[in-house]
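As given in TrEMBL:
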DOMAIN    87-504  domain 'Major facilitator superfamily (MFS) profile'
TRANSMEM  139-158  transmembrane segment
TRANSMEM  170-191  transmembrane segment
TRANSMEM  197-217  transmembrane segment
TRANSMEM  224-246  transmembrane segment
TRANSMEM  252-271  transmembrane segment
TRANSMEM  337-355  transmembrane segment
TRANSMEM  367-388  transmembrane segment
TRANSMEM  400-422  transmembrane segment
């Protein structure tokens with residue numbers, strides 16, 4: 001007897017599964033509120049050098065003091081990072097006579113003055129992470145994603161070793177602790193450390209929620225459950241825009257986005273441990289109790305499978321300890337799948353976070369951009385649900401590279417009114433690519449290596465997420481270089497999806513030998529053999 005046969009007894013998608021999925025979707029809402037928080041946490045408002053008071057300024061207005069103290073750019077705006085070494089009083093007579101000698105300017109000597117009309121405070125204004133320190137501001141997001149990368153490896157192993165539910169609870173508790181510590185940070189170093197640890201903790205939520213939900217539903221509803229949990233990510237996107245709009249002080253913003261984890265911790269006590277995991281690890285009695293609970297809630301009172309039958313299923317399974325991340329690269333087909341899927345995940349994450357963390361670059365208010373980006377993801381995911389079942393996983397995944405075309409178009413239309421529309425469409429395709437790659441990868445890897453495969457690809461994806469915010473710094477070399485970089489990486493990595501095998505209407509592989517037989521390396525590139 002296979003586990004899928006048990007769904008005939010307990011019901012493959014009834015009230016029990018619906019309630020489990022709904023509860024698991026609650027922590028899913030929290031993920032984008034932290035993953036994309038950098039847009040608001042580290043926002044840099046307009047600023048200029050602080051000008052110390054002098055007796056000569058007593059009869060001058062604030063505008064006149066700025067005029068003689070800070071140089072202006074050709075467009076008439078005051079520079080953010082420079083000031084005159086000496087007041088230029090001649091500018092009061094003719095403000096167009098800007099000094100051409102660079103020796104008359106210097107870097108800000110007395111700090112900065114910030115425009116607080118949009119943000120009460122951010123980490124940029126708290127610790128003056130502007131101008132020469134701008135890199136530290138962008139690095140905050142990188143530190144977070146480094147934590148997520150480390151967490152993918154840790155929780156990928158721990159969830160197989162100690163169970164899905166226990167590790168999900170641990171992940172949520174640690175997220176609350178480190179999230180609150182981040183809000184209480186008194187120095188940049190403390191914030192960097194606590195945000196990194198928050199990323200480690202939240203990685204467990206990102207990695208465990210989808211597999212735990214899919215392990216409780218039958219094959220026919222796996223795609224639906226994956227799309228459903230992904231839609232709640234989009235809801236979190238929209239909620240982030242509203243929370244950030246209402247809470248403009250960065251300490252309380254961190255508290256606001258971390259607090260809902262407490263609700264998830266409470267509700268998660270009702271969700272039972274995965275019966276698949278329990279059987280695979282010999283915990284047959286607990287698995288039987290969970291299956292009986294599922295059957296009764298689904299109205300299947302004639303559940304007759306005995307613990308002895310489940311025990312036989314457990315003895316027929318190979319021990320999970322004999323497999324590791326190294327097993328992903330030992331055989332030809334798995335090696336090809338791992339290398340190609342890793343490249344696809346990197347490109348998808350790199351372009352997705354590149355667009356998501358550039359809210360001010362598309363001609364819309366940043367709160368509106370965040371909200372619209374969340375809204376556009378929902379119809380995109382619904383369309384993707386139809387495509388992956390009709391066209392196939394591989395074509396849908398590669399087809400989502402249309403986001404690259406739209407990104408390029410967004411770059412080419414940088415100075416037109418169409419830029420915002422193109423960017424929104426590109427964001428929708430980008431999220432569709434992320435949704436598809438989660439489903440696609442879970443079907444490519446065999447059961448004995450599925451969690452290891454998801455952990456590995458998530459690790460590679462978070463490397464892309466960690467590098468994405470740093471690419472913004474390339475605008476100092478060429479203003480459009482970040483967009484060109486995102487497009488180039490996504491084109492190369494997205495094209496690799498054509499090398500992956502199709503999994504539409506293909507049975508999920510149980511062992512490595514199933515993968516090697518089903519996806520024979522007929523057209524495998526020599527370097528991947």
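Our numbering is plain: 1 for the first residue shown, then up by one each step along the chain.
Every residue, even glycine, has its Cβ placed from backbone N, Cα and C.
Because TrEMBL annotations are produced automatically, they should be read as predictions rather than curated entries.
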For the transmembrane segment (170-191), distant same-chain residues with Cβ under 8 A (at least six beyond the ends): 27, 30, 34, 123, 127, 129, 136, 140, 151, 155, 197-198, 200-205, 208, 251-252, 254-255, 257-258, 261-262, 264-265, 268
Positions on the same chain near the transmembrane segment (197-217), where near means CB under 8 A and six or more residues out: 12-13, 16-17, 20-21, 24-25, 27-28, 30-31, 34-35, 143-152, 154-156, 158-159, 164-165, 167-168, 170-172, 174-175, 177-179, 181-182, 224-226, 229, 271, 274-277, 294, 438, 442, 450-451, 454-455, 458, 462
Outside the transmembrane segment (139-158), six or more residues from its ends: residues with CB under 8 Å to it: 34-35, 38, 41-42, 123, 167, 171, 191-192, 195-204, 206-208, 353, 357, 451-452, 454-456, 458-459, 462-463, 465-470
Stretch-averaged pLDDT - the domain 'Major facilitator superfamily (MFS) profile' (87-504): 83
